[in-house]
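Below you'll find the structure, written out as structure tokens, and then a few comments.
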Amino acid sequence: MATTGTPTADRGDAAATDDPAARFQVQKHSWDGLRSIIHGSRKYSGLIVNKAPHDFQFVQKTDESGPHSHRLYYLGMPYGSRENSLLYSEIPKKVRKEALLLLSWKQMLDHFQATPHHGVYSREEELLRERKRLGVFGITSYDFHSESGLFLFQASNSLFHCRDGGKNGFMVSPMKPLEIKTQCSGPRMDPKICPADPAFFSFINNSDLWVANIETGEERRLTFCHQGLSNVLDDPKSAGVATFVIQEEFDRFTGYWWCPTASWEGSEGLKTLRILYEEVDESEVEVIHVPSPALEERKTDSYRYPRTGSKNPKIALKLAEFQTDSQGKIVSTQEKELVQPFSSLFPKVEYIARAGWTRDGKYAWAMFLDRPQQWLQLVLLPPALFIPSTENEEQRLASARAVPRNVQPYVVYEEVTNVWINVHDIFYPFPQSEGEDELCFLRANECKTGFCHLYKVTAVLKSQGYDWSEPFSPGEDEFKCPIKEEIALTSGEWEVLARHGSKIWVNEETKLVYFQGTKDTPLEHHLYVVSYEAAGEIVRLTTPGFSHSCSMSQNFDMFVSHYSSVSTPPCVHVYKLSGPDDDPLHKQPRFWASMMEAASCPPDYVPPEIFHFHTRSDVRLYGMIYKPHALQPGKKHPTVLFVYGGPQVQLVNNSFKGIKYLRLNTLASLGYAVVVIDGRGSCQRGLRFEGALKNQMGQVEIEDQVEGLQFVAEKYGFIDLSRVAIHGWSYGGFLSLMGLIHKPQVFKVAIAGAPVTVWMAYDTGYTERYMDVPENNQHGYEAGSVALHVEKLPNEPNRLLILHGFLDENVHFFHTNFLVSQLIRAGKPYQLQIYPNERHSIRCPESGEHYEVTLLHFLQEYL
């Protein structure tokens, strides 16, 4: 430890840190010593990580005499268990005001192990876990049919179902789920219960769509796109599957959608059930080879991966229909396609971002996006617009002639922007009354004002009259419906949360819509309610001083909130809305019961402090700082700038950071100051703020980070600006390299994890949204590709450490490979740490520990 010297007050910052006595020296530990420090803190994070219940489903109990109002189902990790399971809690009708009622988590399933034997997942399951960023084992999702009480879920490389509620009442002790046997080889992915007849369920097997009857075991393959060949190149088609880019960049994880209603046809009483699905042809998409997890076999896995500027898959929407008799036997199946080719009807459409059905099954709907992602259309497709698929041209023409002239697609809404469209789920069509030619719906839109807000829209469905047997080329505004009215329900410089799976809950009886948003502060998420009849007052339902993630009950009388703050670990509470029925907007939330109380923080945990500052261009930015635990007056501490910096992410907010970012506290406990700043480009601050990156990724973010560093150094006085490290993963890895390239005098070292080093090698959906296609933005691509600027990197060794998972199928190892070969050609020093068995996220605990020890060791030696 250095002795404390008191620098004279009039010397500048840099001068003060020249005085060796003022420099705080981090204590050096051996590799083993650092391992035991990491072990100590990991023990704690295991206690609370992933334990919180999620994926809630409220079911009302109807017996008047019983003590409980609802049964609440959810996924969670019971105490002492290592995997997620299906659980439930009973919510009592009455609670004592002053008592804290802790609901017990009850097991639904009896002695059930859901993780596959030895934790080995199929390739499809493993890649889906990557796309969804799932770290937990066990049951990670389930489908539920409320009337019949049927649950369906994937587990142990198979499918299972069980029933609770429904006709047979509620169980009181755990049950054995029933495995659904199959003739299919390979995993059955994306299973869903048929909403119109829960005897049937669907799944994807080997890239085709199947249905099966739970009661009789009958299985039927509905589509025949995939041949099941071992070579990816020879087998480019799939049905009902979301492709890599759609999952990774648009958060859509399914490629098919059940019609919620059945139709009866003919005198025999046959019932028709329908599924809308996306058919994909990837024959023109580039194939890349990524090392296979079975490294010792020296194999590679082949993937279709569309690089920016190259061909995307060819897509179409189709219908699969099947008919069943009164015994539930499948009598016939039929594949239907649009009356004209998809690309003729919708020539500008590059991506199907979302799809579904209106509740009455009268229309399928889809959200279409163009390739630059600056134009979105919401389109209704009546099932009668689809005709039987056939190779026979005469039959096709006869079917097309039979489609009534007034049957057509309807474009009911359009969004246009010069920035980019952030795709989300929020679209709520109201039921149409008989013979009505209008569709009323709720929609969130960010393009109108630059902030995401809720609108109530009424579109007039005007049919033009088409002869579908004639060749067709659409005009500019083909199928576009007049908008009769569009009422803003929310407004202002804040946003309604719509991305990343955010939901709204609509109570059609009281004409209220419940939503989550940042109305009070960009640092907190809250649950709000507003009337969609008489738009006006917006009422907040959650407690300020915390950030909440909420789920409403089906009858709008209760909600669950999972909430935390920077200083309080997460807890999960159930609230009941109570008050006079004649003023539902102002019903007050009353704490009802707790499902999980906040765990205690680890003994050495000191939460970060949130700060804000104004940049030279007068933009308000937020940051957080972890103060070194061993602060001594006058001492300057080495500082780690932890960075992400890209779009769609917000690191600085009033939620607990001690689980995912526990490592930042470890750094502070060792004597480092840790700074995190959300600069321009991060989310939750509106489209203009995020859009600062448009066409110039890597060119604006470092400025904001450096200004934030300087602000913190002045405000706190313990930061040693001559010893600053920059570190991050993914986009943060890319910016760590950018920092060392453009500001080598600010950053002494950079530690870059899984960085994008050349934008030309990244995918279409992400890169083109933010950077356009390469031919339109050559300068932006070159300026933003770190591998093309290695000559600016420092010549001193031990200033650059690169980390990357060798199996990464998102930011391919190619990026690091290319960067390193450029470094070698330029004669630049670097250090490289490869994780041979990891993908884009480090999964294996040993790899995670190794990375953390490597980070601490590199910092103590070279910062």
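Each Cβ is built from the backbone N, Cα and C atoms, and glycine gets one as well.
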1-20, 61-80, 281-300, 601-620 - the one Swiss-Prot records as region 'Disordered': 1-20
Sequence-distant neighbours of S730 (active site, charge relay system) in its chain (C-beta under 8 A, six or more apart): Y644, G646, G753, A754, P755, V756, V811, H840
All-chain count of other Cβ atoms within 10 Å of H840 (active site, charge relay system): 21
Neighbourhood of D808 (active site, charge relay system), C-beta criterion under 8 angstroms, separation at least six: V290, A754, E838, R839, H840
